[in-house]
Structures are given as structure tokens and as C-alpha cells.
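Asks: Straight out of Swiss-Prot:
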DISULFID  C92-C417  disulfide bond
DISULFID  C124-C129  disulfide bond
DISULFID  C184-C231  disulfide bond
DISULFID  C233-C238  disulfide bond
DISULFID  C279-C292  disulfide bond
DISULFID  C281-C290  disulfide bond
DISULFID  C318-C335  disulfide bond
DISULFID  C421-C447  disulfide bond
CARBOHYD  N44  N-linked glycosylation site
CARBOHYD  N58  N-linked glycosylation site
CARBOHYD  N63  N-linked glycosylation site
CARBOHYD  N70  N-linked glycosylation site
CARBOHYD  N88  N-linked glycosylation site
CARBOHYD  N146  N-linked glycosylation site
CARBOHYD  N235  N-linked glycosylation site
CARBOHYD  N434  N-linked glycosylation site
CARBOHYD  N455  N-linked glycosylation site
REGION    11-33  region 'Involved in apical transport and lipid raft association'
TOPO_DOM  1-6  topological domain 'Intravirion'
TOPO_DOM  28-470  topological domain 'Virion surface'
Amino acid sequence: MNPNQKIITIGSISIAIGIISLMLQIGNIISMWASHSIQTGSQNHTGICNQRIITYENSTWVNHTYVNINNTNVVTGKDKTSVTLAGNSSLCSISGWAIYTKDNSIRIGSKGDVFVIREPFISCSHLECRTFFLTQGALLNDKHSNGTVKDRSPYRALMSCPLGEAPSPYNSKFESVAWSASACHDGMGWLTIGISGPDNGAVAVLKYNGIITETIKSWKKRILRTQESECVCVNGSCFTIMTDGPSDGAASYKIFKIEKGKVTKSIELNAPNFHYEECSCYPDTGTVMCVCRDNWHGSNRPWVSFNQNLDYQIGYICSGVFGDNPRPKDGKGSCNPVTVDGADGVKGFSYKYGNGVWIGRTKSNKLRKGFEMIWDPNGWTDTDNDFSVKQDVVAITDWSGYSGSFVQHPELTGLDCIRPCFWVELVRGLPRENATIWTSGSSISFCGVDSDTANWSWPDGAELPFTIDK
């Protein structure tokens with residue numbers, strides 16, 4: 001075969017191979033089209049891949065993700081309808097407290113991006129519980145954590161994150177600029193209350209579902225402040241208590257009734273020898289009970305209960321098992337302020353059951369260390385110091401801090417009663433731990449159960465100082 005013939009032969013073979021390859025590709029395309037037509041022939045919709053839709057349904061954010069796999073729509077999440085949290089049930093009967101959450105914020109923050117916080121609290125809707133907290137606009141183990149022992153600054157903000165998680169920039173939601181705050185859910189939306197501004201002119205900003213609805217100006221120009229725990233919603237109305245005036249003497253105390261973020265009624269308490277700060281409130285059979293901090297002259301805790309018309313009653317827990325810190329040794333109580341070691345105090349809570357009371361308190365009389373729950377079967381009305389149950393939560397050798405109540409409604413739990421719960425702040429750093437330049441806290445929480453519970457210590461557990469402190 002001469003060279004020309006070889007060239008012609010090779011060219012012919014190449015052309016033949018190219019034609020065969022082209023025919024195979026065309027056949028493949030026809031096959032895929034036919035297969036797709038068969039699968040979709042009986043359907044009347046067009047498949048869309050990776051379509052992400054966010055809807056707003058009854059004031060509750062619902063997130064749907066549609067992913068088309070072989071023309072089958074897989075939907076994650078489901079519609080959540082709104083309800084009205086009635087708050088008409090009674091508190092559940094309980095015999096003790098089961099550990100619910102522990103976020104280990106300080107331990108995780110030694111290496112991870114975790115906010116410097118204080119004043120954490122928990123509040124629940126009919127769908128979920130969330131941890132709320134006041135940040136310092138800084139992260140642990142970072143230079144901006146220096147000086148965060150200060151209570152009130154323009155860098156503080158109310159934020160929230162999923163329950164039990166360490167609060168970080170990656171899981172937290174901004175709620176309000178605030179150095180004092182409260183939040184609660186009425187079944188249709190979140191009400192947040194954030195107080196910020198100068199001591200002589202602070203303003204409370206009310207938001208409903210994230211939108212500003214009302215503001216309340218300091219009426220005494222003496223550090224307007226609120227609960228540092230959840231407000232209470234009953235039959236569509238939410239209630240909170242604010243204080244304005246001296247922390248070491250008679251001040252002004254107001255109850256606010258709020259509907260969808262708007263104040264519909266308010267009253268000032270007539271309580272000349274009482275002192276109410278940082279109240280821990282809960283619903284019980286349609287009324288609201290608040291147990292508060294007396295920073296003026298009481299080592300027992302003051303209370304105020306009121307109905308939806310704001311008709312109220314006031315008093316002090318009578319038990320000789322004293323609930324504040326600092327406090328004297330347990331002894332004879334009083335239904336008026338117990339003035340021994342009555343100055344100063346710490347945010348706390350109690351739950352009333354008839355004439356009995358569950359008292360949450362630090363284990364130390366003088367320092368914010370340890371925590372325990374005590375059941376005094378006659379402590380709401382009687383002045384003796386006899387109790388029948390004591391449950392340890394944090395050992396006296398470990399730091400605690402603020403504590404407060406929160407509840408889970410039947411709409412969340414499926415129970416026929418309101419479940420009582422509480423949280424404890426575990427403060428670390430300044431002013432007690434001088435090896436650090438910062439102040440922050442983690443938290444634990446418990447819920448009431450009528451079954452077995454444990455006596456133990458669930459401390460913060462972080463090893464200090466951090467790298468930034470050295």
C-alpha cells in the first residue's frame with residue numbers, strides 16, 4: 001500500500017469512529033429525555049432543584065427546604081400554628097428537680113468563640129425554649145473582655161441562642177440593645193424588653209416579633225431596671241415589673257400589662273416598706289406570682305401576686321429558711337422584712353404551693369457559692385425553719401450567682417399543668433477571682449418532676465486563668 005493509500009485509509013477510519021461516537025451521544029441524550037418524560041408524565045408540576053423558601057406564618061418563622069431528588073420533593077420542617085398561651089393551669093405537682101441543661105460556656109470559651117455574658121435566663125414558647133443573655137460585646141479570652149465586670153455599658157445587648165448551647169456569634173440571635181432585660185412568648189410572638197441608656201435617663205424598648213412597638217422612659221431617673229428573667233403571658237397579655245429608684249432604700253415599682261408589644265395598663269405598687277428588684281415571675285391558675293430581691297433591708301424575699309386586671313397582693317415569704325444572700329443562719333422567720341444581714345442581695349426565686357414553698361438559694365450565707373432547693377411545707381405562711389426536702393445542685397465550694405424561674409406551658413409539654421423550672425448562673429472571673437481580667441458566666445437549669453432526682457454538684461468547671469489573663 002503506497003503512502004497515499006495509507007493516508008486515505010487512516011482518514012476513513014477516523015471519520016467512521018467520529019460518526020459512531022456522535023451517534024452514541026445522540027442516543028444517550030434521547031434515552032435520558034425519554035426516561036425523564038416517563039417519570040414526569042403523570043405529574044402536573046415542574047421539578048425545581050435546590051429551591052429554598054422562607055414563609056411567615058402566624059407570626060412564627062417556618063423554614064422549608066425543598067430538594068428535588070429523582071423528582072421527589074423532600075420537605076424538612078413543618079408548619080407551626082400560633083396559639084394563645086392561657087396560663088390558666090396550676091403548677092404541676094413535683095417531688096424534686098431533674099437536671100435539664102448545662103451549657104459549659106466558660107470551659108468551651110477558653111478555646112472557642114463564646115460571648116462574655118451575664119444575667120442569662122430561659123423562656124419558652126409553645127414550640128421551644130431559648131436561653132437569653134446580656135452580652136458585653138466581647139468574646140472570652142479576647143482583649144475586649146477586659147473590664148466586663150461593669151454592669152451597664154453601651155456595648156451590652158440582649159441576645160438569645162438555642163437552649164443548652166454555649167452562646168456564640170454563630171448560634172445567637174440579636175434581640176435588643178440592653179443592660180437590663182426580660183422576654184416572653186404569648187403563643188403568637190416574642191416580646192422583648194431591653195433597657196439601655198444613662199443612669200439618669202434610661203429607656204426600655206419594647207419589641208414584638210423584633211419590631212419596636214413602645215418605649216418606657218425612666219420615671220425616677222434612678223437606673224430604670226427590670227427582671228433579668230422571663231416576663232409572664234396569660235391569655236394573650238404579658239406582664240412585667242420594673243423598678244426605678246435607690247437600690248438601698250424605698251424605690252418605685254410598676255407592673256405593666258402589655259399586649260402585642262403595646263402597654264395597655266400599668267400601676268405603681270403601694271409598698272412603702274418593701275423593696276422589689278429583679279423579680280422572678282410565673283403564671284399559676286391565671287394569676288401571676290413574682291418573688292423578688294430586697295436589696296434594701298430584707299434577707300427573706302418579697303413577693304407580689306396579681307391578676308390580669310392588676311389587682312395585687314404583697315408580702316414577704318414568712319419561712320425561717322431564708323432565701324437571699326447575704327442572710328443570717330436559718331431561724332425564726334417573719335412575714336415582714338428580716339433585717340438581719342438584710343442589706344444587698346442576689347436575684348433569686350421561689351415557687352408557692354398552697355402554704356408550702358420551694359426555696360432556691362445559695363448554700364453559702366455570705367458568698368454567692370453553691371446552690372440548693374429546699375421544700376418547706378408551711379414556709380409561705382409559717383415562720384419556723386422546719387423543712388422536709390433539700391436537694392443539692394451546686395457544691396458550696398463552687399461559684400453560683402443569679403437564679404430565676406421559668407415555666408413550660410401545657411401547649412409545649414402536653415401535660416395538663418404548668419411545669420416549674422429554674423436556672424442558675426455560674427459566675428466566673430472578677431470580682432472574686434482576681435487572676436482574670438473579665439467577668440462571665442455559664443448556666444445550668446432544672447425542671448420539676450414527680451419522680452426520682454439526683455443530689456449532686458453541676459459546677460461551671462472552667463480552669464482559670466485563661467491565656468488573655470497571663
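Cβ from N, Cα, C; glycine included.
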Asks: Distance between N235 (N-linked glycosylation site) and N88 (N-linked glycosylation site) at the Cα atoms, whole Å?
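Replies: The separation of the Cα atoms works out to 8 Å.
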Asks: For C184 (disulfide bond), just count the other CB atoms lying within 10 A of its CB, please.
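Replies: So the number of other Cβ atoms within 10 Å of C184 (disulfide bond) is 25.
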Asks: Is C318 (disulfide bond) helix, strand or coil when read with DSSP?
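Replies: Its secondary structure by DSSP: coil.
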Asks: In whole Å, how far does the CA atom of N88 (N-linked glycosylation site) lie from that of C421 (disulfide bond)?
Replies: 17
Asks: Give the distance between the Cα atoms of C238 (disulfide bond) and C290 (disulfide bond), rounded to the nearest whole Å.
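Replies: Taking the Cα atoms only, C238 (disulfide bond) lies 13 Å from C290 (disulfide bond).
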Asks: Spatially, and counting Cα to Cα, which of the disulfide-bonded residues is closest to C318 (disulfide bond)? Options: C129, C184, C233, C279, C290.
Replies: C290
Asks: Quick one: of the recorded positions N146, C231, C417, C421, which has its CA closest to the CA of C129 (disulfide bond)?
Replies: C421
Asks: Would you find the one among the disulfide-bonded residues C279, C318 whose Cβ has the most company, meaning other Cβ atoms within 10 Å?
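Replies: Result for the most crowded candidate: C279.
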Asks: Between C-alpha atoms, which of these disulfide-bonded residues comes nearest to N434 (N-linked glycosylation site): C92, C233, C292, C335?
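Replies: Closest by Cα distance to N434 (N-linked glycosylation site) among the disulfide-bonded residues C92, C233, C292, C335: C292.
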